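A.B. asks: Before anything else, here's the structure in question.
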């Protein structure tokens, strides 16, 4: 049975039904050791259910979960050796940060000193040694989430589960924590599975993204793969922005706004409809009027640099040529 | 492409992975359901079966009901009961609505005082309201004699419907008031602002916004008050005179004539309004939960002198009425010679010298109330926890939830009779087979009284526990499980400390109600083990009204003391929490 190239965590043909509702339909994913995997999808796609099945909090209706060659499908959560962090932090309000971390360590056969040392170590890992004596209510949201992370990793679990850990935080804190979680994960080399609906989070943090929709897996791949070569129209649309149109063969074509360039001549003719300033780029919406193009009459959006916008003196109503680089156009069956 | 693995041959899903934790949880839920089976389902089933049997146990179909409706005296008391309940509901709910409105929608002074004043009747047994009325309006009453001839005599014909209705209004007013307070408090000021900008006048605002917001609360209050006054035993016993109601009927059928079948029949009739209240409440709760958004803005009271003056006069009058009742009982207790000799002394409190053993009964009541509080709180909280926080076994938990709220639909008298019927029988017949009743030993002991009390007040305590538990993050248990911390450890280290105020509230509720209740225990007490509430009735029956009043005063003092103790402990807990956190924050500032 032992096979070294086999993945660390293998989810095969998992199905979950709640009554008549199918939450997961024939899900198979392989996760390697020390990998950071994001389960990404719109709300209701089944990603949280999948995480809960991996944790043992839900039982699959069909399929198996194999961890390090052992069938864990029916093993209760306590025996699976994972750490978990929730969006709500779930810190015990009547215990201090340090006591929260110690809480789980007490079940291990360790001496008082070992427990204290490991708890302090865990807090140091998230850079919160100084606030160990504070109660959760006295910590900021970001700090609370870091304590929750420390609590989860203090037990040296085999893998770490993160259920939308950053969704409750402000944009700034969120960005910092993304980086922090990822660096802790790399330091500990801990296999991590994170559920998120935020594509930026998935793209910046993950080694591997599992894109899900309507109880099914759409695509599994590196961030670059799912962004550059989305396997179907849903993935293309869900991750990043994209323009869709149809050609004569009823194929669905698509191109990302940043792959459209301006040209003095050639390409397709278009007129500026709206210009929206977005900080680093301008999002410009064009209407195509070019009888030779499949796009004739439809709108197309492009992300242009400030330099380009100035160079071409773009303003509402300007007429211009658009260059859609052929190698950037994606094609899907309609 | 994904690799295909040889899936282990034994993939047949084990229905339940065996481990201690799961075993513990499942046993807990099963024990809970067995408890409900023994204390709720089987006794009620026995009652139900009895209603369709003759006294010697032969099945007679609906003969008992036919018999009932063919007995003019019994039909009369059914009509009487309806009349009492309807009148009480109309008066009590209107007063409670107005009182709550005055406290929520005006800025009069002394709101806290008026709120507590309205709750006062909760601390007294309903017989006490009757006794007070006798002292105020009875044959020798203060009002009846026109204050010793100072005022024109005023005979309101107390004994009968008038007395019962007044007593029931006093009894049900605080309960309706509590519901109205919540219902009127749940308003969204944005609606009123919108109405103002649209130029809608105040009267129309009242009907379209205020009433419509409070309508679910009103429905709840109406059903509750109707059901309470429909099934109360204490007030009709003391001031009812010859005016019979179902509650007194059932007592005379069961205790007087030993006619268990007819007792069971009346019991089922008694349950009807309570069941209606129960189902309407379920419906209302479902609708109300979605009616108020989290963005709602609380009502902002504007200045209005005329309105305040009116509101203040109204709440003052009601409060005076409540105080009058309590004052009358205190005077009755302290002035044994009333109304001929106005000297005050403690002779009435020499309870032991009279028949009925008043003081022993009082001590028994304390014991029963304390046991009910301790065991009731423990069981209710653990069961509520099991229902709320165990992750799997949805079916068992749903059944538990249903049985937890069902007791609110069972009037005390019905609990009492069904307990007599079920626990007194040496053998139980279940699905045609007969076996010895393992719970028969409880009959005639203090145990059955405590059990009846716990069941009687279970649902309210359960709701208190559940709402406290719902406030805790539902992932506490998940996180603990992931860390391999057993459930009971999280329960004792986190859940119990966090829910302490709610736990104390439950204990206080069990205690206070066990002190004043008579309906369930009137069938269960024994000559050797009397209770204070029953002594009050017996003393009143024997004409020792002064002692009955003295005993009532003792109960009230005890209950108010327990309430104050509860408030103090909760206050202390909150202060300690604040202190702990402040101390740390200060320490931190100094470190920086």
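Glycine residues also receive a Cβ, built from the backbone N, Cα and C atoms like all the rest.
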A.B. asks: Transmembrane segment per TrEMBL: which of the ranges B:206-230, B:231-255 is that?
C.D. replies: B:206-230
A.B. asks: Check for me, if you would, whether the transmembrane segment (B:158-185) reaches the transmembrane segment (B:82-104) - at least 3 Cβ pairs under 8 Å, residues 6 or more apart in sequence.
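C.D. replies: With 3 or more qualifying Cβ pairs, these stretches touch.
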A.B. asks: Might you confirm whether the transmembrane segment (B:206-230) is in contact with the transmembrane segment (B:28-49), defined here as three or more C-beta pairs under 8 A between residues 6 or more apart in sequence?
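C.D. replies: As far as Cβ distances go (cut-off 8 Å, pairs 6 or more apart), the transmembrane segment (B:28-49) and the transmembrane segment (B:206-230) do not touch.
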A.B. asks: Determine which residues of the chain contact the transmembrane segment (B:309-335) at the Cβ level, with the cut-off under 8 Å and only residues 6 or more beyond its ends counted.
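C.D. replies: Same-chain contacts beyond the flanks: 95, 98-99, 101-103, 106, 108-109, 114, 117-118, 120-121, 124, 128-129, 131-133, 135-136, 142, 170, 341-346, 348-349, 545-546, 549-550, 552-553, 556.
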A.B. asks: Below 8 angstroms Cβ to Cβ, which residues of this chain, lying six or more residues outside the transmembrane segment (B:260-279), approach it?
C.D. replies: 47-48, 50-51, 53-55, 64-65, 67-68, 74, 78, 85, 220, 223-224, 226-227, 230-231, 246-247, 249-250, 253-254, 405-406, 408-411, 413-414, 417-418, 420-421
A.B. asks: For the transmembrane segment (B:116-138), could you work out the same-chain residues 6 or more beyond its ends whose Cβ comes under 8 Å from its Cβ atoms?
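C.D. replies: Beyond its ends, the transmembrane segment (B:116-138) has Cβ neighbours at 99, 144, 154-156, 158-159, 163, 166-168, 170-171, 173-175, 177-178, 232-235, 237-239, 318-319, 322-326, 328-329, 331-332, 338, 512, 515-518, 533, 536-537, 540, 545, 548-549, 552, 555-556, 559-560, 563.
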